[in-house]
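Visitor: The structure under discussion is supplied below as structure tokens; questions concerning it will follow.
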Amino acid sequence: MPLQKTEGPVYNPNAKKDPSQQVQKDPSQQGQRDPYDVLAKKALQKSAQLPVRSDAPPNAIDPKKETKMDVKDKKSKRVDSKVSSKKKKTGPEERAVPPWSLAGFTISPEEIARFESNPESLKAFGGIKGVANSLRVDPAKGIEGSPADINLRKDAFGPNTYPVKKAKIFLEKECGVTYYVRMKAYVLETFRDETLLILVCCAIVSLVVGLTTEGLATGWYDGGGISFAIVLVVMVSSVSDYQQAQQFRQLSAQKRKILINVTRGSRRMKVSIFDLVVGDIVQLNIGDQIPADGLLIEGHSMLVDESSMTGESEPMAKDEEERPFMLSGCKVMDGFGDMMVTAVGMATEWGKLMATISEDNDELTPLQERLNSLATTVGKVGVSFAVVVFIVLVCRFLAVVDFKNFSGSDGKQFVDYFAIAVTIVVVAVPEGLPLAVTLTLAYSMAKMMDDRALVRHLSACETMGSATAICSDKTGTLTMNLMTVVTNWICGQLRTSTSIDQEVNTQVTEIIFQSVCLNSNGNVFFPKGGGPPEVSGSPTEQAVLSWGVKLGAKFDEVKKSCTVKGVETFNSTKKKMGVCFSTQEGKTYVHWKGAAEIVLDFCSKILQPDGTMIPLDPEKMVELKLIISSFANSALRTLCFAYKELTSEEVAGLTPERIKENGLPEGDLTCIAIVGIKDPCRPGVPEAVARCQAAGIKVRMVTGDNIHTAKAIAIECGILTPNGIAVEGKDFRVMTVEEQCELLPNVDVMARSSPTDKHTLVKRLLEMGEIVAVTGDGTNDAPALHEASIGLAMGIAGTEVAKESSDIIILDDNFASIVKVVRWGRSIYVNIQKFIQFQTTVNGVALLLNFITALASGEAPLTAVQLLWVNLIMDTLGALALATEPPTEILMQRPPIPSTTPLITNVMWRNIVGQTLYQLSMLLVLHFKGYEILGLHDETWNPVTEKTEREEELQTIIFNAFVFCQIFNEINARKPDAMNVFEGLYNNHLFLYVTLFTCIMQALIVEFAGDFASTVGLNWQMWILCVCLGLLSMPFAAAVKLIPVPDEPFHTYLFFWRAQEHHIVLSEGGAITAVLVGQKGNDEGVQYPEGTKFLEAVIGGETVRVPMPTYPSPYPPPTEPFFSRLRYAFFPNTHAKAPSATRAAQVPKPGVAWSDKK
């Protein structure tokens, strides 16, 4: 029963305070100001809003940042507090008065919490009404809601927050002046790299040997140069990690920004959970997450999932009498109601729980896992090269060294060789791959946020690039969710006006107003100063209530004139809602509202304008269904209103227990009205759908609306194609699995679908091998969102349950934003491939150059410091430049990227090999013939006096040319498969900044680093030569792109003689149980050829063995002539293509034998 109907005084904020409820003042305080007034004035003075902790849980307001103070001050204050606490007496007269008591409240949150374990004590206190009075709350009007009142309650009961653990920071401001670096967070994390630690040891040894042999003046050059390079790499990596962590933290903070409906000062409004205070009246609906602890003051069919707090798996029924206690962090699974907040922040159990845990962002995406595997493989290759180089260098040194005159410089040579080997490992290990993924994910997440998409799970960013199907809701996603009643049928007559004709008598008008105002969970607020009424609720409720107000309904008067006895809430399964109420005349009615054709099936009569009723015969039924179809064909959403007057016997049997068990009576209804609600299509949706179709993505509409309405909207949006079909959920759910799989490729629209139908649709598409993105907004959509490859929840209309089950939240509920997410998902994969191509080229050239020269001449032209600088270019700077490339429209003109596609494609292999051959050839020529070609010596060249200087100059030229090759190759990597690599270059400012920074740093290293980097200054002719050698890589790359490559990955041709293994997925009722492929011999009693492969599947507890079918290989056998196999490898289109990958849950069809292709 609603709380406002109970007897007893109700708190009135304008009434004078009861002296009996005032806190008694101490005699010494006579003449002082009232504590309530003091605190109120203090609250008014605190105009600065508290900083917001936006990643807090649903009951969080950000705490104040702790005031900075010196360590000595903190220690002294702690000591003083300990001493004072020992000396201070704790007598009753000297205890501090609680803040809530000072503010004039007569109950604490702890006392309210104790009521839960002893409900009888709550009744003894006066029930919920007594608690409301103690908290100075009017249940009907809410708290006063003024700034002073809000701040006063925050001071008295605390903010809705919990202590925030300090995040790792890189730079912290101290007293507004000084800054210091906290190395523990990111710098030490960077030093966990084993190769860097080995290099540090190498630098230490080099310093010791150099200082011992060469003295302090020059002995520290080599070791100091390596140390400086290490510090530079560590600092740049640490700053980059810090910036990405900051981005992830800021983006994850958006996940907790939730708006809730509260009543303050008789006005319903939306406020952030960050502004919730004790005493607020919160409106809860199905799918909401309870933002604080509270008491249910009025509820209808409330079911709450408390598993997150109590571990109870079954939803708990809530009511005002027996179970009014609501726990923060739990979710409303059904029903709606009003809750009075009694505890916030650390006073709630959820707050105490969240204070002990922190969010884990160490989530690895599938692409990161694949890249880690690739990095491990490449690292092993690099280690092998380093070991061989070190052994070769040492062996050559041992062959020529004079052991009788062995000196410290000879020992230092060993250290140099070891440093080169370790640095080769540093360069070979592609540490930039994980960094590139992190950068591109952070960059893409930030840009998705700008495009109104909040990423909850990082893996969804990548998966969206592979999406092949999108199952979208209609309302709010494809349409604007701005609903208006544009036409109606009332009492047997079709009307387009928003007024009631005079022929409709007062009794019928009253019935219409009751149906509109009472059978609703919305609200209408009429401002005291005039102005248009403020209508709140769901978009459908707002449309109906606005229509009712235009008809002349007085919302508050209708509410007060009737007493609600029971409510049956709306959900996606029933598609209708009902209310039972009694009037002041003693009559009891049941009113229903919902999907027109569903409610109409329960009707047997039609209400006439004069208040009489006529039977709903078959002819009238056909007429009304034609009206519904005409509304639906005009893309209107249809609702039907019906009612029934209950007899005294029916009223007597309509107890609360019967209502909960059987629901409200729904038979023998009288049809009142049918309305058509217009929800216009969102601008840009047809274009977005067309872009998806061009990108190879199938868009399907899944809606609970009438099939005619769904088809009309689908045609307007371009979803329903000429060859597409529309089905209803009731027809789809009775089909067999085979029939569903056969039908789904042509299904464009599913209407009147239940959440179970949507879940089944998603499940079938996944079994067919599709990558499915699904939108959802309701609580019942959670299974489909969880099942889908990517769950997309709506940020405006979506419930908290749907958002928690999703991977990405579409903040503006717009389908066009989903298309932008797909584009960013594809961009992530493409950017990573660009970086892999760039880094693999650098790795290959650096490794092969040092390897070949070490074997041939016993020297490595690239020193440790130089390789560390190249490593910095590859990893951090290269990732910054290539991983932040913005997406282009050409990405949406390609088919989806399968998740099984190799990271390095044939096009990339072609570019990598071409660039490696050019750079390696050019650098080897410089190394072995550079003196002659460049004229670095004259006819009187003396190797003893001039060789060292000339060698350093040649090594500097090689190093300089190598770096500029990478700078220009970085531009080549922007467009792996396009000739114009400069397209869009000037739009990527970060790429330009990185390129400019690299050029400037390279010039400084060459000209000024000297012995640190083993470089010497070059004249302008040599600078032009180095730049030109690097620039030549661009036309060479363009020429390489003219070489055709096959569509199938190269590795498939390397192993074409291997038999193709086919996997069969056995399922029972659509559920895949277990699959195992292997050679197990023969079944009992059946003879199979030797070597036959079998599949074992556990179905219903029984193991079933099925022989694997064998098909002829589609690839040329080894006996085929070499040129025939080569022609097939590079030009497979000259023959019939191999069969495409078989979808799961289908037995693969035999391929075409090679003998049949010829």
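Glycine residues also receive a Cβ, built from the backbone N, Cα and C atoms like all the rest.
No curator has checked TrEMBL annotations; they are predicted automatically.
Sequence annotations record features per position, and here TrEMBL assigns compositional bias 'Polar residues' to 20-32. The feature compositional bias 'Basic and acidic residues' is assigned by TrEMBL to 62-83. Look at TrEMBL and you will find 261-356 tagged as domain 'P-type ATPase A'. TrEMBL lists 860-1043 with the feature domain 'Cation-transporting P-type ATPase C-terminal'. Sequence annotations record features per position, and here TrEMBL assigns region 'Disordered' to 1-97. TrEMBL lists 196-213, 219-239, 378-399, 419-443, 990-1010, 1022-1043 with the feature transmembrane segment.
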Visitor: Same chain, outside the transmembrane segment (378-399) by at least 6, Cβ under 8 Å from its Cβ: which residues?
Guide: 413-414, 417-418, 420-422, 424-425, 427-430, 840, 843, 847, 850-851, 854-855, 858, 860
Visitor: Apart from its near flanks, which chain residues at least 6 from the ends of the transmembrane segment (1022-1043) lie with a Cβ under 8 angstroms of it?
Guide: 910-911, 914-915, 918-919, 922, 934, 953, 957, 960-961, 963-969, 971-972, 977, 979, 981
Visitor: Where else in the chain does the transmembrane segment (990-1010) make close Cβ contacts, counting only residues six or more beyond its ends and a cut-off under 8 Å?
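Guide: Non-local partners: 225, 865, 869, 873, 877, 880-882, 884-885, 956, 959-960, 963-964, 967, 970-971, 974, 1016-1018.
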Visitor: Within the domain 'P-type ATPase A' (261-356), how many residues are helix, strand or coil going by DSSP?
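Guide: Once the DSSP states are binned, the domain 'P-type ATPase A' (261-356) shows 16 helix, 46 strand, 34 coil.
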